[in-house]
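J.: For reference, the structure I am asking about is given below.
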Amino acid sequence: MDTTGTGQRGASIVVVDYGLGNLRSVTRGLERASADVSIVGDPGALDDADGIVLPGVGAFGDGMENAGPFRDALTDAADEGRPLFGICLGMQMLLSSSEEADHEGQGDARGLDLIPGRNVRFTGTVKVPHMGWNELAVTRDHPLVGGVDGEYAYFVHSYYAAPDDPGHVVAETDYGERFPAVVANDAGNVFGTQFHPEKSGATGLRILRNFVDYCADQ
């Protein structure tokens, strides 16, 4: 795979620190992709960013509770057309709700509802969590996934995003069933990966470079 994407310098990217997420590894990955990166814990710091990354590891209900102070700032940024990139739990938080909150006894935790849909648990006999490398099958064009069709990325998750509109699915992966690995809204500026690009070697670096280039072009 060609990983020589430029990652245009000058794109200002903020990584949202809401208490859950691989902040350092995500930041290092973005720096390798030539971004100017800051980790921010203040919602007001999102205002001047070219792009926003919402990372996340853990339970949906906890994520939404911790990220509560950022809800309005994230929604405003998305409405303004600025790029918002959710990673793993961060991607799931872009949706409307999750079965996980119900299973954890947290009730109906509300997501950001930037991509209508619900996160659901794997069914059948597959081992959960889905952990390890798996293949990406791109289903529609989006700047984030240029050059990664058929490549492998690293996953760790028990739930996955199920958008109401199948047109919001950008790439799929097979783990006993086909599930969305990358999703995006209609406008294309809000998107997420179920896998961890910062842990996905050359494939992940290509995706992060695609993201930085997209932010620089806006």
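Positions of Cβ are set from backbone N, Cα and C atoms, glycine also.
Sharing the record's features from Swiss-Prot:
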- Cys88: active site, nucleophile (ACT_SITE)
- His196: active site (ACT_SITE)
- Glu198: active site (ACT_SITE)
- 12-218: domain 'Glutamine amidotransferase type-1' (DOMAIN)
J.: Per-residue pLDDT averaged over the domain 'Glutamine amidotransferase type-1' (12-218) comes to what?
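T.: Mean per-residue confidence for the domain 'Glutamine amidotransferase type-1' (12-218): 95 out of 100.
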J.: What is the interatomic distance between the Cα atoms of Cys88 (active site, nucleophile) and His196 (active site), given in whole Å?
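T.: Between the alpha carbons of Cys88 (active site, nucleophile) and His196 (active site) there are 6 Å.
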J.: Between Cys88, His196, Glu198, which of the active-site residues has its C-beta surrounded by the fewest other C-beta atoms within 10 Å?
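T.: Checked Cys88, His196, Glu198; of these active-site residues, fewest Cβ neighbours within 10 Å: His196.
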J.: Going by DSSP, is Cys88 (active site, nucleophile) sitting in a helix, a strand, or coil?
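T.: Looking at the DSSP assignment, Cys88 (active site, nucleophile) belongs to neither helix nor strand, so coil.
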